[in-house]
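Student: Please find one structure pasted underneath; my questions will follow.
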Amino acid sequence: MEIRMSKSSSKPVLVTCGLPYANGKAHIGHLRTYVPADIYARSLKKEGREVTFVCGSDTHGTPIVVNAEELGITPTELVEIYHKHFDETFKQLGIYFDAFGTTDDPENHNRTHDIVSRLIEKGYVYPKIIEIAYCPACNRFLPDRYVEGACPHCGETARGDECDQGCGKHLEPGELQNPVCTICGGPAEYRQQEHFFFKLSEFSNYLMDYLSKDLGGTTNAINYARGWVKQGLTDWCITRNLEWGVKFPGHEDLVVYVWVDAPIGYIAFTEEWAAQAGDSWEKFWKGDGEIVHFIGGDITYHHCIFWPAMLKGADYSVPTAVVASGMVKIEDRKFSKTRGYVVWVGEDYLDHGFHPDLLRYYLASYTSHTKELNFSWRVLQEKINAELVAVLGNFLYRTMLFAFKNYGEVPEGEVEPEIRKEIEKALVEVKAAMEEYEFKKAVDSAMALASFGNTYFQSHEPWKLIKEDRDACGQVVYNCLHLAKALSLIFEPVIPQTMEKAWKGLGHESDIHAALYEETLVPLKAGTKLAKPEILFTKLEDDRIGEMEEIANQRVAAANAKRNGVKGGEKEPSKSEGMGPSEASKASEKTVDVATAEEKVQVETLPVIDYEDFAKLDIRVGKVLLVEPVKKSKKLLRIEVDIGEEKPRQLVAGMASYYTPEELVGKSVIVLANLKPAKLCGVESNGMMLAADDGGAIVAALMPDKEIKSGSRIR
């Protein structure tokens, strides 16, 4: 990933995050923005930089109005529910903003009026009669999500303001083809009405220059925006027919478009912080302070084109950098709430007792920030057990435990040149990676230092040395404790809550969150009392991960059943949904419809394979001998099946929701016998019982229609 470095290391820095929309719960896709931003802000503070970290809830727009209407509450009440939810969730994850407001705060209403009025005064906003979708049955105009139709660019189903299912392009009012009212489902028509436009086209040259020379951040965002500018910019309708929102100056019947007042929230939240801290918001938005926006890749257009043009036109400072993350997949599937491929931060993670730092670590260390991140419960388990437990946790605990049991305090000693050199090397690499927004590189460098610590400890064998030379052993322990101190400071931005425990365990009474990186090289004070250490990380066991996978599978099955019942059965999303446009279009050509008299289910045709590939599968007929529920699971059954071997095979199958044990015992079933063994909820499965699944509503075990000997092969 290419990046553009910040120009100055002395200016104050404002770090912001794309605003969470106050219309639903926090999911792991949200955290791809907020956790890296928090890590970045913490790291800058550790370098001694002046950092302000702000965010807030995005509270306007049609989705909130629609959802509130469906729930029978006001938009304000809906916003209050989800604003509180996000605020509490962020704090649980160790994400602490200097200000966390809402775009419905008075500060944002006032600042939006100021900026829009300024744009009007300077001639950048003008009225225009346009075609607006109107529903005759509902007797109302239909802004944004109140209307759906065909995208004029790609033909996919789109909302009134965005083709979110297809090409992703922003749509202006009147562009949607074959409009349909989402309130009553009836056809909409276009009627003329006066609205107001921002002269975005006048900023084309400025934006190209700004994107080419001045804007820093990740080049995935910059190059994407430059491509849009090269295609030519059209003026932008900035008003909507809604009551909920920030009123357009002089027009009580219109509000500004949500993508006008939402980013202005960054300024309003900075104002709120400044009022509380007795500081100046102007040093960022009217001065030369740095402004770094962390966003999801899907809102690049707004932050790299609309937003800087508005700021430039109104005489405000423009962003210094835009850092755009890659997308998120769940278990190698395209993220989709409606299809069940989602991980909710609260009910799926925190409520099950998983430590917030484990998820922070996963998000930071899995891949480069701009690349696609796949969340998998098994990969989470592997990374935590192999890295945090076996490397970092192992070194910190064995060092502190040995020191506490044998000395009770920091022994006399000096930092060896080799130790200092390794710490300095890690610091240089971590700082450089953070400046490049390469959080995985930073974590890898920090973990390499922990690995060095384990090697140092093991090679010096302090458990032997203490019996021979207590002072020499003290020197080894002193250096291990110094490494532990350095690791606590370096890892603090990534796993702050756990490193606070380690810091206190080393006898420090100061605040690790306020400590600077440079303290990693400050020698420990001999005689400092050590606290009794606690294990910082524990292994994630198979049973626990199996339980989470079961919950995830049940959610997907429920989503499939719901969609099949409502829509006659859409296909389960294939892995091709995570492909680029060209690959996805090719994959879609391989889809066929299988119709029955009662329903229609879409089936994805997989690539053709050679017979040799099929021949590798050892598929046999087996007689079910015993079936019993798996403890701690509502879905799994332990099954013993005779497949023609000396002893019965033990299988674990997710069939408890579809069959009672009595319905399976004595039946002949089809078994994949040479599948690699796997543990599910602590029970080993040595094969797989094959079944048909229509998308979750029905699961049927495959059974021969004639009596046949156990062990008979499927050919």
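Heads up, the Cβ atoms here are built off N, Cα and C, so glycines get one too.
Below are the features listed in Swiss-Prot for this protein:
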| type | residues | note |
| --- | --- | --- |
| BINDING | Cys151, Cys154, Cys163, Cys167 | Zn(2+) binding site |
| BINDING | Lys337 | ATP binding site |
| DOMAIN | 613-715 | domain 'tRNA-binding' |
| REGION | 559-593 | region 'Disordered' |
| MOTIF | 20-30 | motif ''HIGH' region' |
| MOTIF | 334-338 | motif ''KMSKS' region' |
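Help me understand the surroundings of these features in the structure.
Tutor: Its Cβ taken as reference, Cys163 (Zn(2+) binding site) is surrounded by 22 other Cβ atoms within 10 Å in the chains shown.
Other Cβ atoms within 10 Å of the Cβ of Lys337 (ATP binding site), summed over all protein chains shown, number 14.
Mapped onto DSSP helix, strand and coil, the motif ''HIGH' region' (20-30) counts 3 helix, 2 strand, 6 coil.
If you average pLDDT over the motif ''KMSKS' region' (334-338) in this model, you get 88.
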Student: Whose Cβ lies within 8 Å of the mean position of the Cβ atoms of Cys151, Cys154, Cys163, Cys167, the Zn(2+) site, other than those residues?
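Tutor: Other same-chain residues near the Zn(2+) site: Pro152, His153, Gly155, Glu156, Ala158, Gln165, Gly166, Gly168, Lys169.
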Student: Under a criterion of Cβ-Cβ distance under 8 Å and sequence separation of at least 6, what residues of the same chain contact Cys151 (Zn(2+) binding site)?
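Tutor: Sequence-distant Cβ neighbours: Thr157, Ala158, Cys163, Gly166, Cys167, Lys169, Leu171, Leu176, Gln177.
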Student: Return the residues near Cys154 (Zn(2+) binding site), defined as same-chain residues 6+ apart in sequence whose C-beta is under 8 angstroms from its C-beta, sorted by sequence, else 'none'.
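Tutor: Looking at Cβ-Cβ distances below 8 Å from Cys154 (Zn(2+) binding site), excluding near sequence neighbours, one finds Cys163, Gly166, Cys167, Lys169.
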Student: Counting each residue once, how many in the motif ''KMSKS' region' (334-338) are helix, strand and coil under DSSP?
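Tutor: Summed by class, the stretch gives 0 helix, 2 strand, 3 coil.
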Student: DSSP on Cys167 (Zn(2+) binding site), three-state: which is it?
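Tutor: Its secondary structure by DSSP: coil.
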